[in-house]
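Participant: Grabbed the feature section from TrEMBL, which reads as follows:
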- B:32-51: transmembrane segment (TRANSMEM)
- B:93-286: domain 'ABC transmembrane type-1' (DOMAIN)
- B:95-120: transmembrane segment (TRANSMEM)
- B:132-152: transmembrane segment (TRANSMEM)
- B:214-237: transmembrane segment (TRANSMEM)
């Protein structure tokens, strides 16, 4: 008998006079010990589907169809029975481990919580302790870590704690909702390997949700793709990725490029009729931006000194796209802020177009017309009270740019491919999609006619299909306006997609700099090699 | 046909937002009752010179007897010198409301400026300004107000200054906290990267985001300013001119004239109840506004 059997499930959210159909007639079944990956973009209903298995949906949700967990319908369970089933039969590894853990309790107590809750008689403290130690060992954490508070653990360790929590009551089904989204490639690879090992060892059924097909392919035997609340494709992972039948699956698969495959070089997935420009000739002459021995240190409380950037020499030529790659905490964002003059260097200097970065207010203002910033999350990078027009015109007004403001705004919006510009001007950020918001941020930067764009994880918070469009836009802007870009990312695929050169940053230093083809195909530094090795790839199916 | 200018569009959007806000406000009965009471009281106070005769406040021209109980001629009785208590209460509203509004505006203005500056500049500016704020916060405000009114000339101006200078610290703390959360948003960073200076960031991003909170706080603070005015007047620090009575000074003279012993309840109750009603009305309006302007409260 199947462990989980979902029959014709529909979920509707009602409220404020309108109805949203999040899940529309999904059929799914999972055998014990089987692994299923659930892929789809944000808003496709994949999280709703997962939460409905344990009836964790908000009160406004109307559920139709059947969810059979071990042959028992979750929807008709009494409250007491549902409580017993939650965590003992099926457990969830929640998205964002940093928010799902209680910051004021030791992780040992948090792991023990479900065990105590579900025991008929409270287990003796010694036995409980042994059990938690055992769980910590299973997720490869030393027993002492149990005494830590969540803020003392790294992101990967917190995610391990979450997994230990999910395993506490020996469930037969584990649902992992984007378990690695906020993690680095290397940590992500470790967490994925751990999940796969536990699932095979303990014969647990696993449903893993992600928007990244490569991540799912690395852990799951089967793959299901959701689109607008429906299951559009289901099958063996390798088959689904290798021969996608639904166009949406193909788009998802294409969005995450294979590093090293020439097919994806300078070719982010885009369906725009504007096409992609030819690869540019190699730049020559004086670099546009140069950092010389740049160091940034922070003095914390108790006089402890943290070195974020430890002597970086980096060059960006006119019309060149340089990708700065590294793990979180490697100092790449600090480097970007220093280049923009938002952070003062402790030592060394930034040279732009032959002159050192000014320190005065007036000089910096003039400098910032030339160098513009594109932030990671466009939703928070736009003032929610300002219309598109006002956001784009903000820079023009600051610098009192001559000429017709309206014409300049329209031109910038056109350049960011928001057409027709007139229609977008009066809209507020919440009326736009994520990709459109990022285009508005880019338009705001373009309005000032900069020569260098510093983009901090420009596509990290965007959906797979939008990702390629924004990257293609950057390539087209470079070809048309000769715009140079310093793109900061943890995603090697992005570097492979658009960058000319790549700089690998590790612990505040650049360990390897060179043309993308060379560095990513034949890395010389160990760290670059481990970054490449940690990439989940679509080509190699999971080992079972 | 040319498209409407972005400025006109922005105003149209604000108009629509205001209409939506009003609809939400109107759905709260307490807020409507409070607003109705306030409009009535403010109208009466503003129109006092037209609907009554100020000469009735002149002690030398008082027509009534000494502490007469309510009658047809004097619906709320008379005070010790024979003036109509109804007339006194009506004219008292002018002083009380004036002090309440102006003192609140003063205190909120100081609080908003200090709060925004402290949060925006951070470091030693914040440390310095917040220590000053803490100093005023721990100081018993009544004592400070009494000290100020004894040093300065007695009068409405002094009372306004005394209340304004003692009640701003809580507003400053509130505005600083709100500013800090706004300043942490990435759009502030974007604005700085665009080249925006301090004035631009504060004027375009911080102030508009902080204003709703300031507005709600103002409404709630008027009530306490009116109470503070009454307290100071009751203690004898108010305007000594009998032609400009306030509710606090009415209570003071009622107490000095032993109205309780004389059984003259009509002398004591009207100003006291008036203070209560006005403060309640402001609080009801403030709470309703808070529910409209602070979305976090609405979710709960």
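Here, residue 1 is simply the first one shown, and the rest follow in order.
Just so you know, glycine gets a Cβ as well, placed from its N, Cα and C.
Could you place these features in context, so I can see how deep they sit and what lies close by?
Facilitator: Packing against the transmembrane segment (B:32-51) from elsewhere in the chain are residues 25-26, 90-91, 93-94, 97, 277-278, 280-285, 288: each is 6 or more residues past its ends and has a CB under 8 Å from a CB in it.
Within the same chain, residues 41-42, 45, 126, 129-130, 132-133, 156, 159-161, 163-180, 183, 198, 201-202, 206-207, 210, 214, 217-218, 221-223, 225-226, 228-230, 239, 244-248, 274-275, 278 sit at least 6 positions outside the transmembrane segment (B:95-120) and bring their C-beta atoms closer than 8 Å to a C-beta of that stretch.
Sequence-distant neighbours of the transmembrane segment (B:132-152) (same chain, 6+ residues past either end, Cβ-Cβ under 8 Å): 114, 118, 158-159, 161-163, 165-170, 172-173, 228, 231-232, 235, 237.
Within the same chain, residues 95-97, 99-101, 103-105, 107-108, 112, 141-142, 145-146, 149-150, 154, 158-159, 162-163, 167, 171, 174-175, 246-249, 251-252, 255, 271, 275, 278-280, 282-283, 285-287, 289-290, 293-294 sit at least 6 positions outside the transmembrane segment (B:214-237) and bring their C-beta atoms closer than 8 Å to a C-beta of that stretch.
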